[in-house]
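J.: Heads up, here are the entries from Swiss-Prot:
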type: BINDING; residues: A205, K206, T207, G208, S209, G210, K211, T212; note: ATP binding site
type: COMPBIAS; residues: 60-72; note: compositional bias 'Low complexity'
type: COMPBIAS; residues: 77-91; note: compositional bias 'Basic and acidic residues'
type: COMPBIAS; residues: 108-136; note: compositional bias 'Low complexity'
type: COMPBIAS; residues: 556-597; note: compositional bias 'Gly residues'
type: COMPBIAS; residues: 598-608; note: compositional bias 'Low complexity'
type: COMPBIAS; residues: 612-623; note: compositional bias 'Basic and acidic residues'
type: COMPBIAS; residues: 624-634; note: compositional bias 'Low complexity'
type: DOMAIN; residues: 15-49; note: domain 'WW'
type: REGION; residues: 1-22; note: region 'Disordered'
type: REGION; residues: 44-137; note: region 'Disordered'
type: REGION; residues: 532-645; note: region 'Disordered'
type: MOTIF; residues: 161-189; note: motif 'Q motif'
type: MOTIF; residues: 314-317; note: motif 'DEAD box'
Amino acid sequence: MAATASAIRYAPEDPNLPKPWKGLVDSRTGYLYFWNPETNVTQYERPASSAPPKLAAIPVSSSVQTNQQSSSGFNSGKEDDKYGRGSDGPKSDSGSRFNEAGRTGPISSNDAASGLGNASSGGSSARGPPSSAAGNELSPEAYCRKHEITVSGGQVPPPLMSFEATGLPNELLREVYSAGFSAPSPIQAQSWPIAMQNRDIVAIAKTGSGKTLGYLIPGFMHLQRIHNDSRMGPTILVLSPTRELATQIQVEALKFGKSSKISCACLYGGAPKGPQLKEIERGVDIVVATPGRLNDILEMKRISLHQVSYLVLDEADRMLDMGFEPQIRKIVNEVPTKRQTLMYTATWPKEVRKIAADLLVNPAQVNIGNVDELVANKSITQTIEVLAPMEKHSRLEQILRSQEPGSKIIIFCSTKRMCDQLARNLTRTFGAAAIHGDKSQAERDDVLNQFRSGRTPVLVATDVAARGLDVKDIRVVVNYDFPNGVEDYVHRIGRTGRAGATGLAYTFFGDQDAKHASDLIKILEGANQKVPPQVREMATRGGGGMNKFRRWGTPSSGGGGGRGGYGDSGYGGRGESGYGSRGDSGYGGRGDSGGRGSWAPSRDSSGSSGWGRERSRSPERFRGGPPSTSSPPRSFHEAMMMKNR
């Protein structure tokens, strides 16, 4: 009794809680529940509803066992449900007293008082910044309005506006505070209390919102309650669209789970299976994987998912965009139906709604911001510059020179070849490196490590790095080429302005991009950004406008571009020949052969066939061209421009 009571403490005072109710926290499980000292009743449900405004709920799955109570996610108790999926929550190690909502007399007032008193007298308590930094002077309703949080799905607990209110173990709080966090992000504040009730969640939030810790922290608490033998298989499974994101999730899991001795393996394509299989055989608590590689290992029968009771689908929308839905469904079929499932996505199209309805049971839906419209982070200053292709390189150098020395900058290109060329041109003056789908995993890891450390402050990338790349303090994003659509545009610029910081995004826009003008204007206006008159003119003309640039190629001047195969790395960008191949490079996309109105030189029959790369990328190949009447080129990029005149 004493050991159990010592794990209980009072939650921070809540002025909106009706008297005489008290908030209590079980420090071992992290559960927040409520106690009435007059009637000696304890319950998980908040006595007075303070849930934020509700949206339409997700349709209930018919293919998964639906045994959750829609009002709160708890039933009166199914003793045969080990994980508490759809019942009263997981069985706590501290005893059955915390298992049932509304059960009378689970603790006495004396037990509660004595146990809670010990929480404040211990010398190892992790103290963080003052709670006022977390904004807990706001009511839950005001907090939700301020951060544009809306929820749906039955009775949903209010957000936890400070780390002190979460009831996290001291060792975990120390890890969080040492990382420099002063308060939970909005997605964390609202999703943590729901996840700790063992409920399924759909969380819709923009990139850089802190979603990784949004599911990792409740996952750590889940591991403390479920004592599985890790050698028999993982307890937590996280699916990720790209290997970059997968490795970053692993880094975060090991960083914040270090004090709790949590083990994590990462499975992704483009790397040998041997070391990954050895990690699994040693036993791990968490597996982070791309769907393709995990399916390969499942087919080899080298991993078992029968112990997985906490499943996360991170960036679910991008996994579906990449064609991973069959692999996801195959993996989920190997996971027990008695599980907790959390889905995180930046967008909410019908394809994501469908798979959410199939895989989740009576989920709570958490929305940060506007779900129905694609919106950009308002903390990012967006500058659109209408340029001819020959003007882009010199303008890029001006932007780079205008930044403070050592500022981290990402430049996005449409093709892998342009990515390499720009990196070569910029590396001597600015320190640049390229990353794209043709790089080996070792090369990519090395480039990312140099970029993170600041040794190489400029990263030139295709869209393979647009999703999931989580590097702190990125100051500037430059869209050297406009992407395939505004969705990728929003994801690209989302690399900066993360975790409450501000950022800059420069985008070079040309006549070949005019078809995106109307959508781009909506994004800019939605974020209160300036719209250049030339872009408005393009939108009015429906794609015309910059006739003087048409000699460099138009959207109708060439074809050749097609989708490439699917791969663990995500979008590989547009391929050189426009014909992607199956592998880790992802979507091949449109090519340099003119499918995008590129400035790339046309390939005649006397040279290359136009179906693959040229053998040489050096400037020598351009010396045989017609003499130029202008001044000598200052860069390889300008040499290519002059060759095409």
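Using the three backbone atoms N, Cα and C, a Cβ is placed for every residue, glycine included.
Map these features onto the structure and tell me what's around them.
T.: Within 10 Å of the Cβ of G208 (ATP binding site) there are 22 other Cβ atoms, across all protein chains.
Here the domain 'WW' (15-49) returns a mean pLDDT of 70 for the predicted model.
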J.: Across all the protein chains here, work out how many other Cβ atoms are within 10 Å of the Cβ of K206 (ATP binding site).
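T.: Around K206 (ATP binding site), other Cβ atoms within 10 Å: 22.
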J.: Using a 10 Å radius around its CB, how many other CB atoms surround K211 (ATP binding site)?
T.: 25
J.: Just to be sure I understand the packing, how many Cβ atoms besides its own are within 10 Å of the Cβ of S209 (ATP binding site)?
T.: 23
